[in-house]
Amino acid sequence: MNPNQKIITIGSVSLTIATICFLMQIAIQVTTVTLHFKQYECDSPANNQVMPCEPIIIERNITEIVYLTNTTIEKEICPKLVEYRNWSKPQCKITGFAPFSKDNSIRLSAGGDIWVTREPYVSCDPGKCYQFALGQGTTLDNKHSNDTIHDRTPHRTLLMNELGVPFHLGTRQVCIGWSSSSCHDGKAWLHVCVTGYDKNATASFIYDGRLVDSIGSWSQNILRTQESECVCINGTCTVVMTDGSASGRADTKILFIEEGKIVHISPLSGSAQHVEECSCYPRYPGVRCICRDNWKGSNRPVVDINVKDYSIDSSYVCSGLVGDTPRNNDRSSNSYCRNPNNEKGNHGVKGWAFDDGNDVWMGRTISEDSRSGYETFKVIGGWSTPNSKLQINRQVIVDSDNRSGYSGIFSVEGKSCINRCFYVELIRGREQETRVWWTSNSIVVFCGTSGTYGTGSWPDGADINLMPI
């Protein structure tokens, strides 16, 4: 083949390839335009529900990127069904509790910037669990941490992180408050935060990141709320709030909240004499709370909330092995279901329990007089039989040589049942540990299990001599 023939052959092949490429580009563009105009809209009926639909090819904000050569096609994914939580599944059957999470905040504070906190709790949205606490407006290794034993200052804010993530400097402060409660209704978070002067405080109701409602003090004596999660059923969230004496008659109200708006307020009724710091859980179709009687009883009050008609009843846990601190020893303690036992009732600590048929699961400090150690157990007949004392399935969570503090319940919905979990506040610093000037905490978290489990102790674990003063 002479040079001219080679040139002609190469040119012909190049022209053919170019033509093929050109035609392919035209085909791709035609396909892309066709796909962009091929739409099958989702049906969106009333009640804010989204029905299942076929995938649609259309440019929208919610997109999944699919690459085809050099062309980008944006494919919409139909939104998932978003519903209010109703908590209608049965309670899980458990044999005890297994370790779930520990944040080690105090140990980490020895060498890092970690918030000073107290009054922690845990709550979950439908997909993830979060830990909350009331911050003191300072990190531990900071002179502002001096004298943080005080409960109520204007600098306190509600902190929120994923469970297991200590409250570092990047932690979100969701509202201002020295008392709080939070819960997720299936669509968004509700936060209730109380702040202001003791005699004229304000509770702010923040829903989906926006301030929706508020209420002022009704008894001018330290308006306060649960210090653990509230509960939402079919879009109605219940929050127990108290205003009045911490060691005498107080005025407790149950607030019903829908998307952050107060829709009803019910006064406490029933036989409970004093109710504070309730640990609440869904008991479909209502809500049940186990609280703190800081006046007359070391047996814990029970508050039953009817979400449909706003009615309230109250009583006391029947178990003769009582849950508050201080308390009588187990041989001499009593509870007869309806009234406070008048045994070391003045003072107390936030705690929890939950019913299991006629029985009751509960947690409490191991010490009868101080916030030291922590144990859980089941009392046979403890929900229905006055002064029942048969204890089974006891577990030590924190040994008696180490400090504990507040504790509370939270609920987690599984595929077939609702599990009960609890957290324990592990307080460190003042008043007991006077080498330092701060007061703060870490937490440990356990959840119900139907399996087997071992033994151990999970204290805070920080060496106070290694901590900043």
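Any Cβ shown, glycine's included, is placed from N, Cα and C.
In Swiss-Prot this protein carries:
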{"type": "REGION", "residues": "11-33", "note": "region 'Involved in apical transport and lipid raft association'"}
{"type": "REGION", "residues": "91-469", "note": "region 'Head of neuraminidase'"}
{"type": "DISULFID", "residues": "Cys92-Cys417", "note": "disulfide bond"}
{"type": "BINDING", "residues": "Arg118, Arg152, Glu276, Glu277, Arg292, Arg371", "note": "substrate binding site"}
{"type": "DISULFID", "residues": "Cys124-Cys129", "note": "disulfide bond"}
{"type": "DISULFID", "residues": "Cys183-Cys230", "note": "disulfide bond"}
{"type": "DISULFID", "residues": "Cys232-Cys237", "note": "disulfide bond"}
{"type": "DISULFID", "residues": "Cys278-Cys291", "note": "disulfide bond"}
{"type": "DISULFID", "residues": "Cys280-Cys289", "note": "disulfide bond"}
{"type": "BINDING", "residues": "Asp293, Gly297, Asp324", "note": "Ca(2+) binding site"}
{"type": "DISULFID", "residues": "Cys318-Cys337", "note": "disulfide bond"}
{"type": "DISULFID", "residues": "Cys421-Cys447", "note": "disulfide bond"}
I want the residues beyond Asp293, Gly297, Asp324 whose C-beta is within 8 angstroms of the mean position of the Ca(2+) site's C-beta atoms, in chain order.
His274, Arg292, Asn294, Trp295, Lys296, Ser298, Asn299, Arg300, Pro301, Tyr316, Val322, Pro340, Asn341, Gly345, Gly348
Compare the C-alpha of Cys92 (disulfide bond) with the C-alpha of each of the recorded positions Arg118, Glu277, Cys318, Cys337, and give the closest one.
Cys318
What Cα-Cα separation, expressed in whole Å, is found between Arg371 (substrate binding site) and Cys421 (disulfide bond)?
20
Tell me the Cα distance separating Glu277 (substrate binding site) from Cys230 (disulfide bond), rounded to the nearest angstrom.
11
Please report the three-state DSSP label of Asp324 (Ca(2+) binding site).
coil
Fewest-neighbour residue among binding-site residues, criterion Cβ within 10 Å, set Arg118, Arg152, Arg292, Arg371:
Arg152
Determine, using Cα-Cα distances only, which of these recorded positions is closest to Cys447 (disulfide bond): Arg118, Glu276, Glu277, Cys280, Cys318.
Cys280
Would you mind checking how many other C-beta atoms are within 10 angstroms of the C-beta on Cys421 (disulfide bond)?
22
Out of Cys124, Gly297, Cys318, Cys337, which of these recorded positions is nearest Cys232 (disulfide bond) by C-alpha distance?
Cys124
Pairwise CA distance, Cys124 (disulfide bond) versus Arg292 (substrate binding site), rounded so that it is a whole Å:
23
Nonlocal residues around Cys183 (disulfide bond), in sequence order (Cβ under 8 Å, 6 or more apart):
Ser123, Trp189, Leu190, Glu229, Cys230, Val231, Cys232, Cys237
Once near-sequence residues are set aside, which residues in the chain of Gly297 (Ca(2+) binding site), 6 or more away, have Cβ atoms under 8 Å from its Cβ?
Gln273, His274, Tyr316, Asp324, Asn339, Pro340, Asn341, Asn342, Glu343, Gly345
Sequence-distant neighbours of Cys129 (disulfide bond) in its chain (C-beta under 8 A, six or more apart):
Ser101, Val122, Ser123, Glu162, Leu163, Phe410, Val412
Listing them in sequence order, which of the recorded positions Cys291, Asp293, Cys417, Cys421 have their Cα within 10 Å of that of Glu276 (substrate binding site)?
Cys291, Asp293
